[in-house]
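Chemist: Quick one: this structure, given as structure tokens, is what I'll be asking you about.
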Amino acid sequence: MNTENLIALLVAAPLLGAAVLLCGGRALDRVGHLLGTLLAAVSFVIAVVLFSDLVGKSPHDRTLTQHLFSWVPVEGFQADVSFQLDQLSMTFVLLITGVGTLIHMYSIGYMEHDERRRRFFGYLNLFLAAMLLLVLADNYLLLYVGWEGVGLASYLLIGFWQHKPSAATAAKKAFLVNRVGDMGLSIAIMIMFSTFGTFAFKPVFDSVGDTSQGKLTAIGLTLLLAACGKSAQVPLQSWLGDAMEGPTPVSALIHAATMVTAGVYLIVRSGVIFNGAPDAQLATAVVGAVTLMFGAIVGCAKDDIKKALAGSTMSQIGYMVLAAGLGPVGYVFAIMHLVTHGFFKAGLFLGAGSVMHGMNDEVDMRRYGALRKYMPITFATFTLAYLAIIGFPGLSGFFSKDKIIEAAFAKGGTEGWILGITAVVGAAVTAFYMTRIMLMTFFGEKRWVPDEQGNEPHPHEAPSSMTIPMLVLAVGSVFAGGIFSLGDRFLKWLEPVTGHTEGHSPISTGAITGATVACMLIGMGVAWVMYGRRDVPALAPRGSLLTRAARRDLLQDDFNHVVLVRGGEHLTRSLVYVDHTLVDGVVNGTAASVGGLSGRLRKLQNGYVRSYAVSMFGGAAVIIAATLLMRAV
Amino acid sequence: MSSLVSAPAVHSLWTTAADPISKINAPKIEYGQLSPTLIVIGAAVLGVLVEAFVPRKSRYYVQAFLAVVALAAAFAAVVGLAAGGYGTTKAHIAAMGAIAVDGPALFLQGTILLAGLVSIFMFAERRLDPEAHGNRVDSFAAQASAVPGGDTEKAAIKAGFTTTEVFPLALFAIGGMLVFPSANDLLTLFIALEVFSLPLYLLCALARRKRLMSQEAAVKYFLLGAFASAFTLFGIALLYGYAGSVSYATIASVVDGSITNVDPALADTMGNDALLLIGMALVGMGLLFKVGAVPFHMWTPDVYQGAPTPVTGFMAAGTKVAAFGALLRLLYVVVPGMRWDWRPVMWAVAIVTMLGGAVVAITQTDIKRLLAYSSIAHAGFILAGVIAMTPDGVSSVLFYLVAYSFVTIGAFAVVTLVRDAGGEATHLSKWAGLGRRSPLVAAVFAVFLLAFAGIPLTSGFAGKFAVFKAAAAGGAGPLVVVGVVSSAVAAFFYIRVIVLMFFSEPKADGPTVAVPSPLTMTTIAVGVAVTVVLGLAPQYFLNLASQAGVFVR
């Protein structure tokens, strides 16, 4: 049997699950979650089979394609539904199906008391199908279908608790902001079609060499806009924090491990285009650097554990985008960090979910404290993921982040210094906010308060369906980076797809690693001084100007409101005015004049046969005269 | 014409006729090929005898049965002739050059017969009005000769009289309509015109309710029809003067110059182009009057409104089909050689017809008048296809006529159902909220309105698309633009009725919808079926029309 025929099954299994669960009705309420998890696992098993098949082939022969059918068979506009599985897609497929299956499993416990659990699993399966379509498509149009599909799933899941106005609003916000990015992708596809006459990966990449840099820069910048929307990068970052309104497994799967990294996938997949457009590349790197600081600063000030982690996600994706913006030096490391981040950030979110589960859904860290004694497994897994994300030597994050920082310095020139130092400082801030979360949640005194119904929290360890995924992810958080880096395995695996050039940084790699570790320790130390030695006040202190701004997400919503919402309102109002006066004026005027004409002509129909006869006679005279005149002319 | 006909020439008219007649050749008549017309006319004559000899009680049944059988038999005859190849390979001129048997003739005859058949069902409907003195009544006056509201009328109603003459009258009209589009000389054309017009004048006067209005409509129609006939006849005379013949083929040959020998009796007039142009204009005018083109349309709203609604539906469909058939034959067979003379004029007529019908319809408040103006606008659309002067033009017009006939009859059939104490409730305000009260009837009417408006998936769209496409291909682009603009204007008042039916509150004293017998139901069902089938799968019928689109000369 040809293994490439399995590719479609990767997508089909969760898609079938979504269809059955969403159309199946109440009858499936009792087995829906099991079915959804089973199909996710099926997809994962297929992924493993395909992976072992790919590994068995020679490195440059590891691309499988499957043509399913011709979608739009029009002359001059050929769109196919066909898949391409190469090392890059394979990496994503394993991450998506693997972490996805774990989070399905976790959700069985987490959503146990939710009466709409079947629907939740239907949406999760829909997400898996769309995300797999996104990374398996062999052309940009099909990728766009997956891109919109994950956007839809994200919208549905953020607003899953739609009875809460905040959740409904957050879903709408995520949807709207994502539309801006989607517009970028659709424009990029249009430019591609007009330039290359196709949007399939291979022919597009093959003809990049003959295309002007201006065109490539335009495509690159619009693709970057798309990536900013999906991956919550500045300036389209504002939706991610609010997206935490969704159930925590959703935050872990979609808004930490997989969907938000689709932007990174898009840039790396389009690496050939970006390589031909240095300006777009630089813009990408700058966006990444700005976002990594932005997210980190926001993460420092949040008291809501999920929002602090959301800031962290933004920041870590900033690292990936920065790496992707460095070109072939960084592509591999962007993806490597993406995968390790997938493990430890999903682990952190599942840990946060477990804490919330035990604390009556309380999210304010100022009301946690001392939980390490009550939730030992959660504490242990969270700690490992914590050490991984701050880049503690030997753990996953250390390897992947270190490579990105080196690559940033290797960019060379002033840019290299600025990007590199930003990345190092970012590591310090990361260590600070993550230590803060650790200390406020698991250490110190109990600051628990009863919930609105007056129930005292009784923190307890979560059921095994929740702890097992956490344990698995913790293993990944610890070892993934090391395994990938040992003998440059990950580099050799991805290189045939993304290409790679060795960077040469102006300072030695040892010095960079040392500086990074030092910065990390400083961050940890500052956090210890502020939150470990002192008591955490139950009410947040007023804080400095920066703290207050960071609590308000660095004023992003205020900025958007003043510039975009108000501006948009003014624009729509003036357009409505023009529509009412000018357009409606013309339309209504035409209608009124036709109506008036009708009323006047109607009077000719006066009911008298004599005047009818006159009209006929006159008509006959005119017709005869006109006929004769035609001959005369 | 500056000079009078010279005296010897006049004399020769007498003297040549005085030659001894040795033998009169018996005319050769192809009875088989004329059977559709002969069956219908024969049944009409039989119907007159039925009126004379069958007891009053059973006349209704005998007449209705006779009419239905005759029309069905005639339709079968048309199908038989078409299947026998008379529409294509065996097409020829029959009856000593008087009648053409060819594709367009058979196609239009089939259409007229089917339209006539479903109209006859409406004629025979006796369940809509409440029973009078225990007798079922139809849409027609109890006794046409009785003064409206007078004692005689009351006595006639009490006695249960009905005007069963409508069936033979309709059959005579249908017989005339069958000949009209197949007439191959001007005199046959004129006779056919009168044969189908005179019964229609009578039928218009026979409404059971609102008799005065009905009689007024009939008188108007008769006067204006007579006026138009006079024009036509004068035009025929001028054309005879031009060509020395009333035969289409001969006139065409004189027009294109293949006949040059001059009849000495007509030496002064033959070949005079002024006669040709004026004659054509006058004959054309008579036909434009029948199709209801502006500025000869003014009878339409008054007559459509006043006539009994089954008659309105019948003549709206039948007259249009027959008259457009005759117009096509005239333009395509007789004067294709002088199209540069008449096309600009026809352009103008088409434009004012489309715009005039659509614009004036906007301010109508009576559903029957609204449909009348709509029929004027549609006449304009069909004219756009006529003017194309291409094979596609012919076939698109044929298709449009089929589509339009059944939509129209169906729409008027629905109008007969919506009633209040005064009979049919035709004022638009009474139709408010009909969709809430009778969703099915309103939905059916909405289908017809959408077809009138030319919305896709209805026959109206397919027909309109076909004629506009043919017109554009025939070089009448601006005409198509005006047509589309008129369609947009027309869409307004069609949709307005839909809005009125479905989105307005029903009035407390609103009309009720009568439950008809299977007769009217059949009429409406056929209308809907044709509308939907021609809208969803027009290609088969378009192909049929284009196979039938070749005139014999």
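Glycine residues also receive a Cβ, built from the backbone N, Cα and C atoms like all the rest.
In case it helps, TrEMBL gives these features for our protein:
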DOMAIN    A:71-121  domain 'NADH-Ubiquinone oxidoreductase (complex I) chain 5 N-terminal'
DOMAIN    A:137-423  domain 'NADH:quinone oxidoreductase/Mrp antiporter transmembrane'
TRANSMEM  A:6-24  transmembrane segment
TRANSMEM  A:31-51  transmembrane segment
TRANSMEM  A:120-137  transmembrane segment
TRANSMEM  A:143-162  transmembrane segment
TRANSMEM  A:183-201  transmembrane segment
TRANSMEM  A:250-268  transmembrane segment
TRANSMEM  A:280-301  transmembrane segment
TRANSMEM  A:374-396  transmembrane segment
TRANSMEM  A:416-439  transmembrane segment
TRANSMEM  A:468-487  transmembrane segment
TRANSMEM  A:507-531  transmembrane segment
TRANSMEM  A:609-630  transmembrane segment
Chemist: So what's near the transmembrane segment (A:6-24) in sequence-distant terms, Cβ-Cβ under 8 Å and 6+ beyond its ends?
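Modeler: Distant contacts of the transmembrane segment (A:6-24): 32, 35-36, 39-40, 42-43, 46-47, 49-50, 64, 66, 68, 83, 85, 93, 97, 118-119, 121-123, 125-126, 128-129, 132-133, 136.
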Chemist: Can you work out which residues elsewhere in the same chain, 6+ from the ends of the transmembrane segment (A:280-301), have a Cβ less than 8 Å from its Cβ atoms?
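Modeler: For the transmembrane segment (A:280-301), the far contacts come to 216-217, 219-221, 223-224, 227-228, 232-234, 237, 241, 267, 273-274, 307-327, 408, 411, 415, 418-419, 422-423, 425-426, 429-430, 432-433, 436, 543, 546-548, 550-551, 553-554.
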Chemist: At a C-beta cut-off of under 8 Å, are there same-chain residues at least 6 beyond the transmembrane segment (A:374-396) that contact it? List them, or none.
Modeler: 312, 316, 340-341, 343-345, 347-348, 350-352, 354-355, 358, 402, 427, 430-431, 434-435, 437-438, 441-442, 459-462, 467, 470-471, 473-474, 476-482, 516-517, 520, 523-524
Chemist: Would you list the DSSP helix, strand and coil counts for the residues of the domain 'NADH-Ubiquinone oxidoreductase (complex I) chain 5 N-terminal' (A:71-121)?
Modeler: 29 helix, 13 strand, 9 coil
Chemist: Could you give the residue numbers and ranges of same-chain residues that sit at least 6 residues beyond the transmembrane segment (A:120-137) on either side and whose C-beta is under 8 angstroms from one of its C-beta atoms?
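Modeler: Result: 7, 10-12, 14-15, 17-18, 20-22, 32-33, 35-37, 39-40, 43, 83-85, 88-89, 92-93, 96-97, 100, 103-104, 107, 111, 114, 143, 145-150, 152-154, 156-157, 160, 247, 249-250, 253-254, 258-259, 262, 265.
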Chemist: Could you pull out which residues elsewhere in the chain have a CB under 8 Å from any CB of the transmembrane segment (A:31-51), counting only those six or more residues past its ends?
Modeler: 3, 6-7, 9-10, 13-14, 16-17, 20-21, 24, 64, 85, 90, 93-94, 97-98, 100-101, 104-105, 107-108, 111, 117-118, 120-122, 124-125, 128, 132
Chemist: For the domain 'NADH-Ubiquinone oxidoreductase (complex I) chain 5 N-terminal' (A:71-121), provide the mean pLDDT of the predicted model.
Modeler: 91
